[in-house]
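Novice: Sending over a structure as structure tokens; questions will come in a sec.
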């Protein structure tokens, strides 16, 4: 099996390390970091905004660049978290706690290096794990019937709902609304148009870019204009010695290993385990530490562990997408949308039918991680300067990126109107305390769920008990029910609220 | 500035119910079929009713569950970003990319308050040209640069 894996990885590296693809990985990492480090732009908006850049490329090159953008944006987020305590996204909130304190003590360089090296280590391990277990998971998934798929997606949706901020009830409703938007267009089974109102632009469904760029890109612009974030101070300290000293290294190393394990495991869970992993690993380190009082005051382990967990989770969250065709978080939903635009259906078949793509992407993950370490530490001075760009100069450009992205896909004014509509809806939902992530997951998974539900029920003659008679399906459904029930318990609900508070 | 005094949950409930009703109304002519032979209207109907019921529960829940009020809504950012978006959509085909984006950018600047003249002039002139060079000249997106 190990020989197989090495052989497959060799195929992957051969595909990913052509000069052009290395170039795309480089461009992706740079662009991602560049945008991710900018104030007020998180990882999801970055990926959504830059998605259209990949459409003219070969599928593998496009995916490699997008993956690079994803890692880069995450890395940029950590940099902003450490240097100015402005975590661009949920995954780097914990990093900001101790990273910023380290920076204030003049250890900014060390904190950045620890974050980078921890991420690189975690990324390497997670890549190997995917290479080792991805294919067997995919072949296990070959045994899945439509009923099992349906239940798997139910589990994915339950996880998404549980991990969304705020009320679970509202998250479910938002997700089902996404589901409804996913139904727009031609119904393949009956050949009937649904909710198209005679508009040709809707025949193939609601544009994925209009909904994702509206909900994540433009709504963010409006939110930042309405609630300007207090500007972070320009970090005054010099970024001298980029290397952690021996003591910092000794404290971080075991934390990195634990964070990696935790992140790799939690990342696979559908529903976006990477963020959860960074929180859990931080509190684990705090419990294990001999000096828990240093946490929050610049403990190197408090940077190393969540960064490792976050990055390992980000990596392994590709597993459900590539093996089951199930996006586990909004970013994976965006990448899945990109794959479908490139004419690739993510899922069990991808390993056997497009091994070049599957292994190439895995190899490129590692290459991307390496590039980030090699590139970003020397470029830290540039990122620091970017952090201080005023939002006044940024937001018109961000808005135009969004508009160009949506317009370039179909080249029709209607898509732009649709974008405006989803921006308004997303804004209203934001003001009601609803997160947009469940909507995009519902939008992507919805049509697939309908297809599998229909197939399963046709086979069973309309008998819903098929979902509990098949063992795989029953287990998955039981897991979803359990998950939702657990969330209904007051104690857990409280700790979930606290986790989001921090 | 608009002050919305109803609670977040109540507004959410209203949005959910409206969308659920829309799904039922516009999906009314779709054949529902049976579970063994699902028609195109089966799920739209199921989803419509589910979203409506979730909306109703969310709304009723506000009676005993405290939910913060929506509060102050600054109308400037959301309205001007929407105006800018629509302006771009309507103008890009007839007026070309440069003019359409200049007008969109000009509108968006007011979303952030009253822009100073040199700043507005700089954004409206430099940004469209820079974007045109990157996306249309550089990346070759098939969008007309000018109206002719």
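Including glycine, each Cβ sits where the backbone N, Cα and C put it.
Computed from a predicted structure; not experimentally measured.
According to TrEMBL:
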- A:22-441: domain 'DUF112' (DOMAIN)
- A:111-134: transmembrane segment (TRANSMEM)
- A:171-190: transmembrane segment (TRANSMEM)
- A:202-222: transmembrane segment (TRANSMEM)
- A:255-282: transmembrane segment (TRANSMEM)
- A:331-351: transmembrane segment (TRANSMEM)
- A:358-377: transmembrane segment (TRANSMEM)
- A:383-406: transmembrane segment (TRANSMEM)
- A:472-492: transmembrane segment (TRANSMEM)
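Explain the structural surroundings of these features, please.
Specialist: Here the transmembrane segment (A:111-134) has long-range neighbours at 1, 5, 8-9, 71, 74-75, 78-79, 82-83, 95, 98-99, 102-103, 239, 242-244, 248, 252, 255-256, 259-260, 263-264, 267, 300, 303-305, 307-313, 315-316, 318-319, 322-323, 351, 358-359, 362, 365-366, 368-370, 372-373, 376-377, 380, meaning same-chain residues at least 6 beyond its ends whose C-beta is under 8 angstroms from one of its own.
Residues 90-95, 97, 117-118, 121-122, 125-126, 129, 152, 155-156, 158-163, 288, 295, 300-302, 304-317, 319-320, 326, 328-330, 437, 499, 502 of the same chain sit 6 or more residues outside the transmembrane segment (A:255-282) yet have a Cβ under 8 Å from a Cβ within it.
Distant neighbours of the transmembrane segment (A:358-377): 8-9, 11-13, 15-17, 21-22, 25-26, 28-30, 33, 60, 63-64, 67-68, 71-72, 75, 79, 112-113, 116-117, 119-120, 123-124, 126-127, 130-131, 134, 242, 311, 315, 318, 322, 350-351, 383; these residues of the same chain sit at least 6 beyond its ends, with a Cβ under 8 Å from one of its Cβ atoms.
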Novice: Please average pLDDT over the domain 'DUF112' (A:22-441) for the predicted structure.
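Specialist: When the pLDDT values over the domain 'DUF112' (A:22-441) are averaged, the result is 83.
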Novice: Taking the transmembrane segment (A:202-222) as the first stretch and the transmembrane segment (A:383-406) as the second, find out whether 3 or more Cβ pairs fall under 8 Å, excluding pairs closer than 6 in sequence.
Specialist: yes
Novice: Residue list, the transmembrane segment (A:171-190) vs rest of chain: Cβ under 8 Å, 6 or more residues beyond ends.
Specialist: 157, 160-161, 164, 196, 202-206, 211, 429, 434-436, 438-447, 449-451, 454
